[in-house]
Amino acid sequence: MKFSLAVSFFILMSLLFEDACSKEKSSKKGKGKKKQYLCPSQQSAEDLARVPPNSTSNILNRLLVSYDPRIRPNFKGIPVDVVVNIFINSFGSIQETTMDYRVNIFLRQKWNDPRLKLPSDFRGSDALTVDPTMYKCLWKPDLFFANEKSANFHDVTQENILLFIFRDGDVLVSMRLSITLSCPLDLTLFPMDTQRCKMQLESFGYTTDDLRFIWQSGDPVQLEKIALPQFDIKKEDIEYGNCTKYYKGTGYYTCVEVIFTLRRQVGFYMMGVYAPTLLIVVLSWLSFWINPDASAARVPLGIFSVLSLASECTTLAAELPKVSYVKALDVWLIACLLFGFASLVEYAVVQVMLNNPKRVEAEKARIAKAEQADGKGGNAAKKNTVNGTGTPVHISTLQVGETRCKKVCTSKSDLRSNDFSIVGSLPRDFELSNYDCYGKPIEVNNGLGKPQAKNKKPPPAKPVIPTAAKRIDLYARALFPFCFLFFNVIYWSIYL
């Protein structure tokens, strides 16, 4: 029993809370709702009678009291000519990924409606500036943007609509719009490309028998100096045209278009893409000047170059649309990637030459043969220097070794003056105490008469590098820069 009472109480409180919330919402809606304007044709005779007879409001009421906005001017007669012009407030940059651009414009339309001719007793100016709320009471062209993706009106602080009614029945409407328009891009020459973006104004429901759009004579599109981050747009490059379309089953529909020519500025891509990738390619060539057996230095340099170029390609691919054709930037990046990869392949070929046993043995044989030839030349020199008894012939040509020897000549008189006639020509570091009387090096004995032990380790053997490996590096130093320079000449002559 207690449980059922608790449930009933909970349900009752929930209903009361829901009712209170609904009342609060309805009161907020009532406060936020604007007062609805009634057209003169919708007002009662009593309301119209309250307006002073000689006032401007009364003149407007007289014009619109029998006006039907559902019927176009000159019904069943000549088509209505609507003169169109546009003032561009701002022009957004083109988005390559979505292939569109955004503009903020004042759209102005002017047509003649004989039903709105001001009466002859109107003593004011030649035009009436009418409140925008009256715009819905008039007939208006059903203009829409054929290549529009999204659009919106502006209503801060009031609806951005300007309405004029002229004495002869001309109606001028100006409204502020922000529109995102599609612009199919041809990126074959990207980033040295020039794009042509259209804005098409078309009638939605009226055929050419009822309505025609006409560009205003003179400058139908007014464009202030606009600075875009990536493009240059000039007033002289704007083109106008007619794009009247035929739809099967309904007929021809009037359409006018304006074409904007936008030339891309290459500076950003020169500094952000071309210069860094060029430097990476040049960096990969440094490996040709590094010793062929220094794989610890050459391999990381080549891998770094290839990975950096691949990363640049991936980053740019994410910022551009997925198109099926090759862009100019793709050609550059692929070429740079191939040059970086080729430098890595070049070192692989050098390593093959370096580790080829036949080439290594052939190089060792060549070196041994050269040393043998040098040895024979040394012996001949020695024979010319020392005679058969060991007597020096020309002491300045004695081979002074590193072995330090003990003095054995007891006095200078032991020297044969006829043999050492040019002692004065000895080098400064030549110590006579280390040589015997005939200029031959002798061993130095310790106190026990044993030769002094030499603990010096023999130097490590030099790696044998085949001549073919060195020749490949030598050719690469000239071939790679020449090929890259040739590619640059062809590339820039085509795309610039």
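Cβ atoms here come from the backbone N, Cα and C positions, even for glycine.
Taken verbatim from Swiss-Prot:
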SIGNAL    1-22  signal peptide
CARBOHYD  Asn54  N-linked glycosylation site
BINDING   Arg108, Ser174  glycine 1 binding site
DISULFID  Cys183-Cys197  disulfide bond
CARBOHYD  Asn242  N-linked glycosylation site
DISULFID  Cys243-Cys255  disulfide bond
TRANSMEM  269-289  transmembrane segment
TOPO_DOM  290-294  topological domain 'Cytoplasmic'
TRANSMEM  295-315  transmembrane segment
SITE      Leu307  site 'Important for obstruction of the ion pore in the closed conformation'
TRANSMEM  328-349  transmembrane segment
TOPO_DOM  350-471  topological domain 'Cytoplasmic'
MOD_RES   Thr391  phosphothreonine
TRANSMEM  472-495  transmembrane segment
**Request:** State the non-local partners of the topological domain 'Cytoplasmic' (290-294) in its own chain: residues 6+ outside its ends, Cβ under 8 Å from one of its Cβ atoms.
**Result:** 301, 350-351, 354, 463, 465, 469-470, 473
**Item:** C-beta crowding around Cys183 (disulfide bond), within 10 angstroms
**Value:** 21
**Fill in**
Sequence-ordered list of residues in the chain of Cys197 (disulfide bond) that lie 6 or more positions away and have a Cβ within less than 8 Å of its Cβ, or none, is Ile94, Tyr101, Leu181, Cys183, Ile259, Phe260, Leu262
**Asked** Mean pLDDT, the topological domain 'Cytoplasmic' (290-294)?
**Response** 87
**Prompt:** Out of Ser174, Asn242, which has the highest number of nearby Cβ atoms, where nearby means within 10 Å of its Cβ, if these are the recorded positions?
**Reply:** Ser174
**Request:** Counting other Cβ atoms within 10 Å, pick out the least crowded of the recorded positions Cys243, Cys255, Leu307.
**Result:** Leu307
**Request:** Give the three-state DSSP assignment (helix, strand or coil) for Leu307 (site 'Important for obstruction of the ion pore in the closed conformation').
**Result:** helix
**Request:** Calculate the distance in Å between the alpha carbons (Cα) of Leu307 (site 'Important for obstruction of the ion pore in the closed conformation') and Ser174 (glycine 1 binding site), and round it to a whole number.
**Result:** 56
**Prompt:** Just the number: how many Å between the Cα atoms of Cys255 (disulfide bond) and Ser174 (glycine 1 binding site)?
**Reply:** 19
**Cys243 (disulfide bond) - helix vs strand vs coil (DSSP)** = coil
**Request:** Mind tallying the topological domain 'Cytoplasmic' (290-294) by DSSP state, helix then strand then coil?
**Result:** 0 helix, 0 strand, 5 coil
**Asked** Near Arg108 (glycine 1 binding site), which residues of its own chain have a C-beta under 8 A away, given they sit six or more steps off in sequence?
**Response** Val84, Asn85, Ile86, Phe87, Leu172, Val173, Ser174
